[in-house]
Amino acid sequence: MTHTTLFTSESVSEGHPDKVADQISDAVLDALIGQDPNCRVACEAVVKSGMVFVAGEITTNAWADVEQITRNTVLQIGYNDPHLGFDGEACAVVTAIGKQSPDIVMGVDGREDQELGAGDQGLMFGYASRETDVFMPAPITYAHRLVRQQALLRKNGRLPWLRPDAKSQVTLRYENGKPVAADCIVLSTQHSPEISQESLREAVIDEIIKPIMPPHWLDKHTRFLVNPTGRFVIGGPVGDCGLTGRKIIVDTYGGMARHGGGCFSGKDPSKVDRSGAYAARYVAKNIVAGGLADRCEIQVSYAIGVAEPTSISVETFGTGKIDEVRIQQLIKEHFDLRPGKIIEELNLLRSIYKATATYGHFGREEPEFTWERTDKAEILREAAGLAAANVTN
């Protein structure tokens, strides 16, 4: 008997106000960590109309021109015209930055690297599955690809009436746990006022959606909802206030896996909200790539100032090829999840973070996304006593 379900995930473009804020926060982090790898950064941004407010706690020997970094980031995104209502050249930039609390420093700094204490308590999840070639859920993967295509066509001038703000939403039909068809695709994009809705709809379907979605998933039952309100001229920080860390499901697995609640952007890797989640993805992906399970979710938790995780747990949703207790043992044998060792293993003390602030932190193939490596898949497979797995990444 066929078991049919629907699952939906969304993504947003680099011009979405929350993503503007994320990119500013990570651009500041990149500027500092490139000079001072041991900097402590917790940088937040708020964007609205003609203003950007950058605040947080930063302890470093480096210097960064936060105002200019902010302006450059906004301009690179595409907010470079006063007629858009938000312009990187003209917007006000206000900063309020203090230092990291000495009470936190006590538990995090001044130790050997491998004994670096977690920057805060918290729980993080990592997930992987065989749904796509990047070991990610299909709905979020294609939602990201749609808004990335929107940005590409905007920037290369093929669709010159596109503007920076956009959102996508992909609903896939699953049969017995496998994606088989696209039920509904939503694409909302900001646009210049002169384009007709008919022309916009036709171009979005033909130039953005169809080149990205697998053609065998599109049939007569697939619904295309393009700018469902009929008009999207006012957008970006003019239409909505943007805030760092407000797109945590877009940043991760599109709702297919659980989330511990902590955001990533603007945080240096001593914050386990970020490094712990990256490590959990690394573990889960290698487990699936190694053939130990077809789906895997890892939870890891920490206490502030303590290096060793307070817990590690495994869920394979009935797809495990060996017992979950054995998988947990293999994790402890082959992955060191202390923050200092995560930072060392994944080479996280580099200016790599602004690239993560758009189109998802996972399922990416760029070399700086070290947590996407599957270099331990074969080791895990052999340790589990399994036949050769089909490792595709």
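Here the Cβ of each residue, glycine as well, is placed from N, Cα and C on the backbone.
Quick caveat, the model's predicted, so the values are computed rather than measured.
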For Swiss-Prot, the entry region 'Flexible loop' belongs, out of 34-44, 100-110, 144-154, 254-264, to 100-110
By Cα geometry, the one of the binding-site residues (ASP18, GLU44, GLU57, LYS271) nearest ASP240 (ATP binding site) is ASP18
Here the binding-site residues are GLU44, GLU57, LYS271, and the Cα closest to that of ARG231 (ATP binding site) is found at GLU44
Taking all protein chains shown into account, the Cβ-based neighbour count within 10 Å for LYS271 (L-methionine binding site) is 23
Rounded Cα distance, in Å, between GLU44 (K(+) binding site) and GLU57 (L-methionine binding site) is 9
Within 10 A of the CB of GLU57 (L-methionine binding site), the number of other CB atoms across every chain shown is 15
Of the binding-site residues GLU57, ALA166, LYS247, LYS271, the one whose Cα sits nearest to the Cα of ASP18 (Mg(2+) binding site) is LYS247
